[in-house]
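As recorded in Swiss-Prot:
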{"type": "BINDING", "residues": "GLY32, GLY33, HIS34, ASP52, PHE78, ASP100, GLN107", "note": "S-adenosyl-L-methionine binding site"}
Amino acid sequence: MEAHKPVLFDEVMEGLAIRPDGIYVDGTFGRGGHSFGILQRLGPNGRLMAMDKDPDAVAVANKALFEDARFSIVHETFANLQKAVRDRGWEGKVNGILLDIGVSSPQLEDAKRGFSFSKDGPLDMRMNPKQSMDAASWINQAAMEDIRRVLWNYGEERFAKRIAQAIVNAREEKPITRTQELSDIVIKAYPQREIKKHPATRTFQAIRIFINRELDELRECLPQCLETLAVGGRLCVISFHSLEDRLVKRFIQKESRDHLPREIPILAKDIKHRLKPLGSLIRPTEAEIKKNPRARSARLRIVEKLS
């Protein structure tokens, strides 16, 4: 299988500390770059299970790796990771898990998927097209306050109220069904003095995260990773914006710090921490950013399970 070299590839491979006979999970197959790297480092007795809720990604995996007995792909969100691991009898035996959060480059580049404000296409944004609600159906029926809340909570968009009002005004004229239409609405609503990057960036991010339950699924997945890992197993999480990274950071802090009240008479050495952070936050090198500008906002956190 030929695969593109994904973001922070070398750092992830080092962070997973891959054992030739180990069991690994790639929770976000995408186009297989990380999975391919793991398989290259596994021996004949090693195993890799990949997951992806995008049927296009599953089709790529089945075509490229169907002959590799060490590999299996599950068409499922990583929010159901523990069940998929349990079905294989691997619970508590997994040596490494990778989560590469967010939208993939192929999804962004395919105008028909509706993720990009720079390519006109149907306003869809579903990672799993079998999911019932797409971006257009939501944006044309949601209350203005609900739109404002989504733009603020998931995009940290300062002008959420203005944009939400502009969306409601525009859809009264005709339904919003194309990515270009939504992008134009946001551009017109944005104060010109504030334009430093494309005005629709945060709006598209927020709607995509909401439609696909991205933060909810990450929140559900992280405790499952802890339960499925073997002691000494590694978890690597790549995030691309502060909302995701904040969620991951708080989970790691909760499972790795002393968080009992000071008045409780227990010594720190007697508290069993479940996770140990390995190093600090990892960012891509300037050389990687030059080759792949999308890598600029990537952040990698690596932890090891202690108990």
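Here the Cβ of each residue, glycine as well, is placed from N, Cα and C on the backbone.
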GLY32 (S-adenosyl-L-methionine binding site) - helix vs strand vs coil (DSSP): coil
Local Cβ density at GLY32 (S-adenosyl-L-methionine binding site) - other Cβ atoms counted within 10 Å: 25
CB contacts for ASP52 (S-adenosyl-L-methionine binding site) [other CB atoms within 10 A, all chains]: 28
Maximum Cα-Cα separation in Å among residues GLY32, GLY33, HIS34, ASP52, PHE78, ASP100, GLN107, which the record lists as binding S-adenosyl-L-methionine: 18
Most crowded position, judged by CB atoms within 10 A, among GLY33, HIS34, ASP100, GLN107 as binding-site residues: HIS34
Number of other Cβ atoms within 10 Å of the Cβ of PHE78 (S-adenosyl-L-methionine binding site) across all protein chains: 26
